[in-house]
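Enquirer: Residues or ranges marked as active site, proton donor in Swiss-Prot (evidence: sequence analysis): E133. According to Swiss-Prot, the feature [4Fe-4S] cluster binding site maps to C12, C103, C198. What Swiss-Prot lists as (2E)-4-hydroxy-3-methylbut-2-enyl diphosphate binding site is H43, H81, H131, T170, S226, N228, S271. The isopentenyl diphosphate binding site feature in Swiss-Prot is assigned to H43, H81, H131, S226, N228, S271; the stated evidence is sequence analysis. Residues or ranges marked as dimethylallyl diphosphate binding site by Swiss-Prot: H43, H81, H131, S226, N228, S271.
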Amino acid sequence: MEVIKITPRGYCYGVVDAMVIARNAALDPSLPRPIYILGMIVHNKHVTDAFAEEGIITLDGENRLEILEKIDQGTVIFTAHGVSPEVKKRALEKGLVTIDATCPDVTKTHRLIEQKLADGYDIIYIGKKGHPEPEGAVGINPERIHLVETIDDVERLSIHNERIMVTNQTTMSQWDVADIMAKVKEKYPHVEMHKEICLATQLRQEAVAEQAKEADVTIVVGDPRSNNSNRLAQVSEEIAGTKAYRVADVTEIDINWIKDAKKVAVTAGASTPTPITKEVIDFLEQFDPNDPSTWKRERKVPLQKILPKVKTKKEE
């Protein structure tokens, strides 16, 4: 079996930055304890488990404001997905120390939205309902920011404003965003369009669209809650025309998916730890459909290998 290692794949700079920020917090004795992460720092359970080993508590719930109410003292880290101004204000009121690990691309979209709102615009925001990134963006002004996920959602919009802007969650499928933006333009011809797919997402999607074409099946290594991982599987099927399966790690691979394949493509979401992806690639490279001894799928990556290394200050 040939394994096509799709490039680029895996970690993006926003994810690495967020994890480094959180690791540095864990190593800083001056920060008040406990240290909490408001939601999953990035959407990957291996990462949150690794942070738990370092004494950082991940709290999850329906929305960021609700999670925040569970915290009475200590330090709170905002995740890479960003938070609304209301969450920041409430954390301040509660006297918590806050650390912002928001991805710079998400911050850029927030700034754009704030500027357009100040100029009197209504905002149409294309995003995944229930995902924390749209929650943070829409939370800037829920009255004037309209969340849409599908073309049907656009049909249901009723905005009476000459000033309208459309933008999007940074990890959406660029093809879905283009289709939805076209529908918005059809309904509101005067709309101002700002496509905000981050470059890392765009490059990874384009790599799958092109490189997965030759494969019989694509394996996407990523957490079930990772929107960008799920979109990579979607791109493989809808754009490259190759059946795709998303797995959290090597243990989730079904032999039936790969036993008849001559070529298997592998990619990984932007929040997937590199050692987890390597384990999948190593398994596929040694797999022989005629030799059951090669079928064993076992995760052996230790938690201490999951997080990126950080430089610690040497004592003088």
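For all residues, glycine too, the Cβ spot is worked out from N, Cα and C.
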Enquirer: Counting only residues 6+ away in sequence within the same chain, which have a CB under 8 Å from the CB of C103 ([4Fe-4S] cluster binding site)?
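Expert: In sequence order, G14, V15, D17, A18, A80, H81, G82, T170, C198 meet the Cβ cut-off.
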Enquirer: For H43 ((2E)-4-hydroxy-3-methylbut-2-enyl diphosphate binding site) and E133 (active site, proton donor), determine the Cα separation and express it in whole Å.
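Expert: With the alpha carbons as reference points, the distance is 11 Å.
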Enquirer: Specify all same-chain residues, apart from the site residues C12, C103, C198, whose Cβ lies within 8 angstroms of the center of the Cβ atoms of the [4Fe-4S] cluster site, ordered by sequence.
Expert: Y13, G14, V15, A80, P104, D105, V106, T170, T171, L199, A200, T201, A270
Enquirer: Report the nearest neighbour of C12 ([4Fe-4S] cluster binding site) in space among the recorded positions H131, E133, N228, comparing Cα positions.
Expert: N228
Enquirer: What is the maximum Cα to Cα distance, in Å and rounded to a whole number, among the residues H43, H81, H131, S226, N228, S271 annotated as binding isopentenyl diphosphate?
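Expert: Taking every pair among H43, H81, H131, S226, N228, S271, the longest Cα gap is 15 Å.
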Enquirer: Provide the number of Cβ atoms within 10 Å of the Cβ of H81 ((2E)-4-hydroxy-3-methylbut-2-enyl diphosphate binding site), excluding the reference atom itself.
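Expert: Within a 10 Å radius of the Cβ of H81 ((2E)-4-hydroxy-3-methylbut-2-enyl diphosphate binding site) lie 29 other Cβ atoms.
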Enquirer: For the C-alpha pair, I'd like the distance in angstrom between N228 ((2E)-4-hydroxy-3-methylbut-2-enyl diphosphate binding site) and the residue listed as 'active site, proton donor', rounded off.
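Expert: Their Cα atoms are separated by 12 Å.
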Enquirer: If you skip the near sequence neighbours and keep only those at least six away, which residues in the chain come within under 8 angstroms of S226 ((2E)-4-hydroxy-3-methylbut-2-enyl diphosphate binding site), Cβ to Cβ?
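Expert: In sequence order, V42, H43, N44, G269, A270, S271, T272 meet the Cβ cut-off.
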Enquirer: Taking the Cβ of H131 ((2E)-4-hydroxy-3-methylbut-2-enyl diphosphate binding site) as the reference point, list residues of the same chain whose Cβ is under 8 angstroms away and which are at least six residues distant in sequence.
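Expert: Correct list: H81, Q169, N227.
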Enquirer: Determine which residues of this chain, when H43, H81, H131, S226, N228, S271 are set aside, have a Cβ within 8 Å of the centroid of the isopentenyl diphosphate site's Cβ atoms, and list them as they appear in the sequence.
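Expert: Not counting the recorded site residues, we get M40, V42, N44, A80, E133, T171, D223, R225, N227, S229, G269, A270.
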Enquirer: Helix, strand or coil at the residue listed as 'active site, proton donor', per DSSP?
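Expert: Where the residue listed as 'active site, proton donor' sits, the three-state DSSP reduction gives helix.
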